[in-house]
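Peer 1: Let me begin by handing over the structure; questions about it come next.
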């Protein structure tokens, strides 16, 4: 009994893959969760759909001449259904204005801030022209800098970096010389000051009236005067001791 699930398939000897008819390329649509970027009004029932409403939409990439913007940014189309009448609404991206466009099935509501922005852009034509000129001048400067750097080589850059240590040494020597010169000038000034007569410090008359306190030297050197009473007491004591000594003898 042959196998039911075969890995290899049989190709007859007269098989020609060029004769196989090719299928027509269908637009591949992807189901995505989509949030409405602006408020719109349905064209069939007239109900308003507000900004931020979420839908289960179908996304596809445009096929034809207007598939990309500037040949880089792709343009996508989204299909949603009205929540009231289930009519289909088509919306596509607009990379040029960084916005969305309603293609069919609805109409976009009036937005005052968008109109004000357009008026500001029209009124600021001079500023936009100035910005363009500044951008062009900056580009010219970048091009000139690149052309200058194109002639540079690794050897020339290394040669430019080599004299840097020598310059630093010269700066250090100059600093040392300046410091030594300042020290010499300061020494000359001090010698001139020493030749001047000494300054006599004079006390204020308030300090002269103050009484001077006795120092430790005065207290130790000056002998205390003994009173006559203490001398008499000591002499009487000696006499009594002598009398007692004679009696015992």
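Every residue gets a Cβ built from N, Cα and C, even glycine.
As the structure is a computational prediction, the values presented were derived from the model and not from experiment.
Residues or ranges marked as Zn(2+) binding site by TrEMBL: 42, 45, 82, 85.
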Peer 1: How many neighbouring Cβ atoms, not counting its own, are there within 10 Å of the Cβ of residue 85 (Zn(2+) binding site)?
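Peer 2: A count of 12.
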Peer 1: With an 8 Å cut-off on Cβ distance to the 42, 45, 82, 85 Cβ center, who else from the chain surrounds the Zn(2+) site?
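Peer 2: Apart from the listed residues, the neighbours are 43, 44, 46, 47, 83, 84, 86, 87.
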Peer 1: List nothing but the one residue from 42, 45, 82 whose Cβ has the fewest other Cβ atoms within 10 Å; the candidates are the binding-site residues.
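Peer 2: Fewest other Cβ atoms within 10 Å, among the binding-site residues 42, 45, 82, is found for 45.
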